[in-house]
Amino acid sequence: MLATMISKISQKTLKTRPIAGYVTKSLILGFDLLFSFLSFLLAVLIIGKFDLDRASLMWGWALPILMAFRLAAFISFRTFSIIIRYIGEKDVKNLFYAVVTSSSLFLGIQILFPKILPEGEALSIITVDALLLLAFAVFFRVLLRLVFNQLRDTRKSRLNTVIFGAGEMGAILERVLRSNSNHNYRPVAFFDDNTQVHKKLLNGLQVFNPRKSFASVIKKYDVKVAIIGINQLPEERRIEFINDCLEHKVKVLKAPPTEVWLNDKLKLGQLQDIRFEDLLNREPIKLNEIGISRSISGKVVLVTGCAGSIGSEIVRQLLRYDPRMIVGLDQAETPLAEIGLALKHEVQAGRFKAIIGSVCDDRKLREVFERYQPEYVFHAAAYKHVPIMETFPEEAVKTNIHGTQCLADLSAEYGVRKFVMISTDKVVNPSNVMGASKRIAEIYVQSLNYVSRTRTQFITTRFGNVLGSNGSVIPIFKKQIENREPVTVTHEEVTRFFMTIPEACQLVLEAGVMGKGGEIFIFDMGKPVRIVDLARKMIQMAGLTPGKDIEIKFTGLRPGEKLREELLDEQEGLIPTHHPKIRKAAVRQNDHETMKEQILFLIELARDGHPRLELVRQMKAIVPEFTSQNSAFSKLDTSEKVI
């Protein structure tokens, strides 16, 4: 009945002005004084058993004195200075203090001048008056907020929202949604796996069992959005809930952990969209924090490719371990400027130095080593786009091979403690120029480790695709979905290994610390993911239906592209390490002088503009397992490979 009345009032009010516009402080104070008058009148009548003659007490000194105390208390505690949509516990407390204070003062006057109220009834009248006033004033404020919320919901199209988590965090989330008008979420129910709270009310909303009532609640309340409001939700359960939501076309958001709330308060802007990595079921990585800190603290670290996805994350993670300085090298001007701005405090403190330059520039690299004397080098600079390197193999040779050679040689010359190279799963039985170039770089770095004259420990880390990196399928698919364009997948059976950027970089640091030199560390990438399944999930996460709202279009394998990537060659074995997510490849050693001679010849071919066919032929000679796929260089695999 009350809801119906509020709705009718809302519709009428819409034709005039918003409630927030005309419920002024003066009006609230006026109502409070009116309630003070009515509550005192009723208290006198109730205690006097509704003897109307006793109402004459109202016209003596009692009423003016009490009203004066009430007015002074309301002003002192500012009970009228409220924001309607935020009316809550604090406002009720202020009201309570104002009523108790003014009633206590009035009782003191009654004690000093006993004739103001009838003897024997004064305490009862004052008590009943205070209780009635509190009831009237609190009800008035609750009614104001109900009307305001109803008006707000009527004036703005809002999405029915369920909150997964009926604990403290979920309750706070519901209050934030209810009290803030700058969003379009309307909380309608709670989900929780705890059977003890099922069928109970939290903030006036019912708590349901998602395992039994998920579909019925979604249908009954026409739910469009679900927000995960649980701090410690097991990974498998979180993924299960997200998948249930996606199947029912419900958009999923998640509240951040309480430790990152701003000033211990949740802000709506902190709600996060679900990303594909949230569905990977990757367990948190445990790092040897002490070992990493002992290695990095107080040291100068050089990071190449520092403006890229991997390089920039390595920089951020290294800064946690208090290095003396991080020198970041990259040839991309704009991204380099962006990371400089993002780390401006570190730049000002002299802990991060951004340098523009190429790893192919021998003289520039020598200047960097001479000036900064790095003790650790993390080499992330590389060309990685398969089709582009298939078209311009000479650039892959210059950057991925020659650049790595220059950097590794200088690291050995200047006595760098550890050189950590970032490699890729595409080096295993490479089917393209990019993968082969990285494999040749791997071989050179590993062979350099066994040269007796160097004290530098050369370490290689090998892993698959990282989610969200520049040029990866995630941002491409996301842009296509936002533009309502067909999502393009090369082949229905294409699979790839994935891990998140932070996860990959954490393992790079861990491997860098544990490595003693000469190792190729392989990261646990989990299970391979079908790219078409990734596309379908991303479309569903946008609240759309694959094949109906957005088409998935198969375009055919690109030059050099494999259906399935591998992390290990058949001739390579695996050796476990102390870290469950890092294993060591048992690979054959290569003679450094032979490798150096082959690479110098390869670089000479690239620099002198020799035919690309000859360049790739030389790469295949160095890496015999390099077999081109969907490429113009496939013809070389049918002929004899010569150096």
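In case you wondered, yes, glycine gets a Cβ from its N, Cα and C as well.
As annotated by TrEMBL, domain 'Polysaccharide biosynthesis protein CapD-like' applies to 301-584.
With a threshold of 8 Å between CB atoms, the same-chain residues lying at least 6 positions outside the transmembrane segment (21-47) that come near it are 54-55, 57-58, 62-63, 66-67, 70-71, 74-75, 79-82, 84, 121, 124-126, 128-130, 132-133, 136-137, 140, 144. According to TrEMBL, the transmembrane segment annotation covers 21-47 (among others).
According to TrEMBL, the feature transmembrane segment maps to 59-83 (among others).
Positions annotated as transmembrane segment by TrEMBL: 95-113 (among others).
What TrEMBL records for 125-148 (among others) is transmembrane segment.
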### Query
So which residues does the transmembrane segment (95-113) touch in its own chain, when a touch means Cβ under 8 Å and the partner is 6 or more beyond its ends?
61, 65-66, 69-70, 72-74, 76-77, 79, 122-123, 126-127, 129-130, 133-134, 137-138, 141
#### Entry: Contacting positions for the transmembrane segment (59-83) when only residues 6+ beyond its ends and CB under 8 Å are counted
25-26, 28-29, 32-33, 36-37, 40, 91, 94-95, 97-99, 101-103, 105-106, 109, 113, 116-117, 129, 133, 137, 141
